[in-house]
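According to Swiss-Prot:
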type: BINDING; residues: Gly666, Pro667, Asn668, Met669, Gly670, Gly671, Lys672, Ser673; note: ATP binding site
type: COMPBIAS; residues: 861-870; note: compositional bias 'Polar residues'
type: REGION; residues: 861-888; note: region 'Disordered'
type: COMPBIAS; residues: 871-888; note: compositional bias 'Basic and acidic residues'
Amino acid sequence: MEGNFEEQNKLPELKLDAKQAQGFLSFYKTLPNDTRAVRFFDRKDYYTAHGENSVFIAKTYYHTTTALRQLGSGSNALSSVSISRNMFETIARDLLLERNDHTVELYEGSGSNWRLVKTGSPGNIGSFEDVLFANNEMQDTPVVVSIFPSFHDGRCVIGMAYVDLTRRVLGLAEFLDDSRFTNLESSLIALGAKECIFPAESGKSNECKSLYDSLERCAVMITERKKHEFKGRDLDSDLKRLVKGNIEPVRDLVSGFDLATPALGALLSFSELLSNEDNYGNFTIRRYDIGGFMRLDSAAMRALNVMESKTDANKNFSLFGLMNRTCTAGMGKRLLHMWLKQPLVDLNEIKTRLDIVQCFVEEAGLRQDLRQHLKRISDVERLLRSLERRRGGLQHIIKLYQSTIRLPFIKTAMQQYTGEFASLISERYLKKLEALSDQDHLGKFIDLVECSVDLDQLENGEYMISSSYDTKLASLKDQKELLEQQIHELHKKTAIELDLQVDKALKLDKAAQFGHVFRITKKEEPKIRKKLTTQFIVLETRKDGVKFTNTKLKKLGDQYQSVVDDYRSCQKELVDRVVETVTSFSEVFEDLAGLLSEMDVLLSFADLAASCPTPYCRPEITSSDAGDIVLEGSRHPCVEAQDWVNFIPNDCRLMRGKSWFQIVTGPNMGGKSTFIRQVGVIVLMAQVGSFVPCDKASISIRDCIFARVGAGDCQLRGVSTFMQEMLETASILKGASDKSLIIIDELGRGTSTYDGFGLAWAICEHLVQVKRAPTLFATHFHELTALAQANSEVSGNTVGVANFHVSAHIDTESRKLTMLYKVEPGACDQSFGIHVAEFANFPESVVALAREKAAELEDFSPSSMIINNEESGKRKSREDDPDEVSRGAERAHKFLKEFAAIPLDKMELKDSLQRVREMKDELEKDAADCHWLRQFL
């Protein structure tokens, strides 16, 4: 594989003479210094990059600096790297689609005369679409967001505008946010933002540090713009040109915002929408409702493996890869990408999607027919955009035509369905398809193509305007054919004069240099040499023969070339005219693309549900104010899809007042993390409108999923594992509501055992007593299981805390620990670690000491401060004074209660830490005369 890569991406030789090199060096020095810009120079057959860009490319993509060459000499030498066209596509895709830290510039020219012809950034890839998607589908829609924050009295109001250049949509929003910017983060995730426009001056304020962190968590490129660009001047006239339809509703919409309008002004300036007249009258504008979808932050997206990652071993590792099982066209894949970031909260719309999926699951014949027809549908959205940008031609129009003529087959398949959901299928798809394909819409487009394009030539791979479409073109075609006939007659006449066989001895060629010429082999040349020198003009003598002409052939050839040039020019004019006419159908094709892409995604959901070895079920969906989350026989869809896994299903019953808050304990690698994540994934799938991997499921709609799972070190940002845990947990404490779903895994590992336990206990109490959200809390702190007993004693509690554990079996004969991966009620046996050490043949002295120390710690465990001796089991006798133990335990319990009362969701992190330090200092003072309590400090 490496050999093939090297073969395809060989380093082209950098060929510049001294004069060209000097001219280029002079130009290169005039370029402004921009550390984010990666500049490429088109040298016709290959590209080059220079200076720091060349070093970056050599190290990042060639993985060696031996690829570098020096342009010039001495102190003026400039490091350079040459790049093949294949490699340029690879690099451009990585810079614009995968990374978020560079812009791309492409220059054309020679010597010292170069001009910038293309610029691109992660949020604005339009100029490079022909390169990025020449051999790959466009799976995501890049969105540029502009934000204008206002800080006042410790609060922040965000004005936000965004543009989706693929779907031609502008959006506005304005909302209050907390210090962790949870609303902004979930909005960026939902929109799929790749780049964020931000006022340069605002970035210098202390308040913006957390805002910048939020943007970085979402992998969004930050582009600072001068503050004077964030003004709403001339917005009315700009929007009047851009937005389709009546301007009055647009004015009413925009007038309702204070901060979003400056953000929109900067966005229009940055995206240069007004510089392209093709955009005029083609955009829609809408209010973006941050509560319109389930909120997902970057931590939840990462924890639930929603989107694909470069590290995935196969596509089934991510939810997108799994559910993108049979999406055929790029527009369907892009819609799925968007849906997974925007799960629904509208009960009726969720049920409608589920009805359609159920229809497709139950009607295998309908599903297969529709899938076969959709396979022949092209990416309508991309074809349309290429035509609108005048980068497409007849080939794009033909693909639209071939897609359009498949619609009657799709309609027929739907008309034949008479099942339970026939009326829904008719309303949702059939009637809309009939309206779109009538004679006033796509019927007219089909007529246009059939009368303007020579469809017979498609078999030869030629895309041409039909000569019958235009009288001038028809006349030129007749002239061309007449001249072709005259040239062939001259060919025959000349063969008779020279006594040579037509096409065997005397051939008629068309050369790029000479036009129409006669050719004979060198063997035949001596036979006609005398006539050749007196009656003809010899043009070229080579091994393949002698090329010659005469005045008649040259005259006819020149006339023929002139007519061909006129014919091509007329063809081009007519193609441009047809393309312009086709773009008038943009709105119809946009509606068609939306219809077909939705059908494509829901068919993919049905294919997944029907093809899985263990069936999926349709979830019962209830409102967020009622019902529980009950999953019977639930499975993790991505884990069970791996070839090497025999998945053990588990039940999960998050029930109000009984088990709304679940503490899950058990040995490492026992399945705790998989279990709690699969619940989050299943809820997300259900609210997207998919069947779920369960035997039976009932789900109360959630407005948000929060996940704190497996934080890693972020040293490059100066953030430790523990700090990352705390930051993510702070987002949960501030942003969660009783309608959210919370998933927390192994909180408190990055600090001391007692600090970690104290934090875990306090966070649990806060979530139970204040947030009251359904929560799955996997932990290695077995003492937390006492929370269930403590919570049951609180009067008026409606949450319900329950203990669950993942089970394991120790075989005393084989000395093997077997994970059973079953989640069962109750707390976990805490002795697995020492058993495993014993069976691993640890020295007996080490095992004995471990048991002794474990017993000591059990005496001093935090649970002894919470529940009585009878409930916590028998304790080893100890020498501490009972009064001292009682006094110390009471003080420790007071500390934990005070800690739990801290309003973490309303305090800045530094203030919270300061308050904890003060409490700890007070505790240490009180412990000075208590030996038992000092053992914990």
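Each residue, glycine too, has its Cβ placed from N, Cα and C.
Listed binding-site residues: Gly666, Pro667, Gly670, Gly671. The one with the lowest count of other Cβ atoms within 10 Å of its Cβ is Pro667. Comparing local CB density within 10 A for the binding-site residues Asn668, Ser673, the maximum falls on Ser673. Taking Cβ-Cβ distances under 8 Å and a sequence separation of 6 or more, the neighbours of Lys672 (ATP binding site) in its chain are Val664, Thr665, Gly666, Asp745, Ala778, Val806.
Residue density at Met669 (ATP binding site): 13 other Cβ atoms are found within 10 A of its Cβ, drawing on all protein chains shown. The residues near the ATP site, meaning same-chain residues not in Gly666, Pro667, Asn668, Met669, Gly670, Gly671, Lys672, Ser673 whose C-beta sits within 8 angstroms of the mean position of the site's C-beta atoms, are Ala778, Val806, Met819, in sequence order.
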